[in-house]
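Trainee: Have a look at this one before I ask anything.
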Amino acid sequence: MDFSANDTKHPGMVTNVAGVEKGEVHSVVINETGHVQELERNFSFLSVCSVGIVTGNTWAALGGSIVVALYNGGPPGVIYEFLVVSFFYWCISASIAELASAIPSSFGVYQWASITAGPKYGNICGWFAGCTTGAGHATSAIVWKNWSNQTGWASDGFVFLAGTLNGAFAVGTPDCVSHLAEEIPNPRRNIPKAILAQMVIGLFTALFYMIAIFYSIQSFDDVLTNTYTSPLAEVYLQATSSKGGALGLLILIYLPLTCGFFGNFITCGRMLWTLGRDGATPFSGTVGAIHPTHKNPFNATLICGIICTILGCIYVGSITAFNAFVGSFVIFSTLSYIAAILPHLLTKRRYVIPGPFWMPGWIGYVVGGIGCAYIVVFDVIYCFPYAMPVSAASMNYSALIIGGLTMF
């Protein structure tokens with residue numbers, strides 16, 4: 001189902017509004033969000049796909065947490081847990097793509113949650129969404145069959161479910177390209193396509209990467225007990241039997257991570273800018289301003305960079321506190337998704353006029369329902385301690401952080 005730009009009944013219309021100032025007639029472009037179009041549409045479809053791929057960085061994110069992931073079932077656990085969680089995130093991504101197609105907005109879930117819940121509950125759902133948004137090598141049996149539970153939990157089933165957190169951390173940013181909706185031509189069509197490209201490329205690159213490194217490992221015990229700053233150092237050292245080769249491979253994984261930094265600043269800067277534009281932040285006039293020369297939300301992006309730097313300094317003071325913030329990422333992001341998707345289903349999707357990508361009839365309800373069920377069940381599981389017995393250093397503080405930030 002498609003709507004033209006002249007469809008004045010659609011909230012995503014583009015209109016030239018004539019005005020008179022000092023005797024001169026001028027026009028103002030109103031974009032799909034109902035705001036004045038302040039940003040230039042400098043991103044092409046391919047560049048937006050690139051932002052999604054480098055910001056998601058699925059294979060690099062999974063490699064960085066490979067040692068932690070191996071405790072939850074060994075290589076088979078990592079692979080199968082990743083495939084399971086990818087299925088759920090594809091359901092979430094489809095629902096997000098549907099909303100992005102109908103309501104292309106730089107803030108994404110904040111805007112969608114404000115609309116899907118209807119006029120009565122839209123403000124509270126929008127506020128909630130805004131607050132929460134790795135000589136003999138391994139055999140095929142080791143890679144695909146030999147289950148290894150080293151978490152201390154007695155239930156292998158629970159270990160498998162908890163282990164999907166590592167995969168969720170890798171694929172958990174399906175909405176990132178939606179924040180460029182006001183800087184890409186025809187966002188109602190191109191944003192869903194970019195989400196699909198990000199998820200497809202992320203799935204296959206991460207899967208093939210995991211299989212390759214697992215077959216190259218000679219001693220999993222050495223990987224689990226290594227003392228290198230990067231857990232992949234030991235994996236690459238075993239694979240190449242050369243420190244130079246290991247260093248070269250580490251550089252290859254740090255390059256996309258560096259590119260990911262730019263993608264993160266681009267997307268989070270747009271999110272903060274839209275909040276400032278709507279008057280939802282302190283000093284909103286400064287935060288929500290567009291730089292007259294660069295034609296981008298420079299102030300908001302700079303503020304995000306400062307905040308990220310401060311959060312990074314937490315690592316110097318307390319690794320436990322830093323890990324708690326990082327571990328809460330999946331829960332925070334999924335809670336923001338459910339704040340938009342669940343009201344969309346409960347209101348029978350009547351507050352959103354379909355965009356070009358729209359799941360018909362029962363398909364939309366089933367896909368969205370699966371995504372919401374995953375969030376409700378697994379967000380509880382992700383709050384359990386990662387291993388037993390529990391100590392102050394190994395405790396999972398996600399519930400404390402999420403509860404505290406949500407309440408206060």
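First residue shown is number 1, and so on along the chain.
Cβ coordinates are placed from backbone N, Cα and C, and glycine is handled just like the others.
Copying in the features that TrEMBL gives for the protein in this structure:
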TRANSMEM  45-71  transmembrane segment
TRANSMEM  77-97  transmembrane segment
TRANSMEM  195-217  transmembrane segment
TRANSMEM  246-267  transmembrane segment
TRANSMEM  298-318  transmembrane segment
TRANSMEM  324-345  transmembrane segment
TRANSMEM  357-378  transmembrane segment
TRANSMEM  384-405  transmembrane segment
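Where in this structure would I find these features, and how exposed are they?
Mentor: Sequence-distant neighbours of the transmembrane segment (77-97) (same chain, 6+ residues past either end, Cβ-Cβ under 8 Å): 62, 66, 69-70, 108-109, 143-144, 147-148, 159-160, 163-164, 166-168, 170-172, 174-175, 178, 191-192, 195-196, 199, 203, 206-207, 210-211, 214, 334, 337, 340-341, 344, 357, 359, 364, 367-368, 370-371, 374-375, 378.
Sequence-distant contacts of the transmembrane segment (195-217) (same chain, at least 6 residues past either end, Cβ-Cβ under 8 Å): 49, 52-53, 56, 58-59, 62-63, 66, 75, 78-79, 82-83, 86, 89-90, 93, 96-97, 100, 134, 137-138, 142-143, 170-171, 174-178, 223, 232, 235, 238-239.
Proximity of distant same-chain residues to the transmembrane segment (298-318), defined by a Cβ-Cβ separation under 8 Å and at least 6 residues beyond the stretch ends, is recorded for 264-266, 268-270, 272-273, 276, 286-291, 325.
Long-range contacts of the transmembrane segment (324-345) within the same chain, counting only residues at least 6 positions beyond its ends with a Cβ under 8 Å from a Cβ of the stretch, are 92, 95-96, 99, 109-110, 112-113, 116-118, 121, 125-126, 128-130, 132-133, 165, 168-169, 172-173, 175, 311, 314, 351-352, 365, 368-369, 371-372, 374-376, 378-379, 382-383, 396-398, 400-402.
Proximity of distant same-chain residues to the transmembrane segment (357-378), defined by a Cβ-Cβ separation under 8 Å and at least 6 residues beyond the stretch ends, is recorded for 1, 88, 91-92, 94-95, 97-98, 101-102, 161, 164-165, 168, 188-189, 192, 334-335, 337-338, 341-342, 344-345, 349.
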